[in-house]
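Peer 1: Questions regarding the structure given below will be posed in turn.
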């Protein structure tokens, strides 16, 4: 009994897929084709001079609209994806000068002698011991 019901269900499923592929998919593709024709301004009827609609012969959209689209996508994008409009490094500094200056100032503040990052001070003494391990409790 159970195997016959299972066979009936599988036959019903195959029949449903066949009907779907025969009737529904061609109508959807034809509907998409109609929509694309309407968006491009193509009409099936010919005008009096034997040519298609005048919008069909105008060509591709101008660069003005594509640039406007790109500008809109840049301005509406999340902050992470937006282009930076200003330089992070001032123009009068050379890149090597900037890197050397950055390394001298901030590295001594942020890292200890072992290369471990400092997170701040606790009670006037450093938060790390001589081996770079973080102190949590009493001082040594």
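Every residue, even glycine, has its Cβ placed from backbone N, Cα and C.
What Swiss-Prot records for this protein is below:
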MOD_RES   114  sulfotyrosine
MOD_RES   119  phenylalanine amide
MOD_RES   131  sulfotyrosine
MOD_RES   136  phenylalanine amide
SIGNAL    1-30  signal peptide
Peer 1: Tell me the Cβ contacts of residue 131 (sulfotyrosine) under 8 Å, same chain only and six or more apart in sequence, or just say none.
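Peer 2: Residues satisfying the criterion: 114.
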Peer 1: Starting from the Cβ of residue 114 (sulfotyrosine), draw a 10 Å sphere and report how many other Cβ atoms land inside it.
Peer 2: 10
Peer 1: Secondary structure at residue 114 (sulfotyrosine) (DSSP, helix/strand/coil)?
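Peer 2: The residue in question, residue 114 (sulfotyrosine), is coil (DSSP, three-state).
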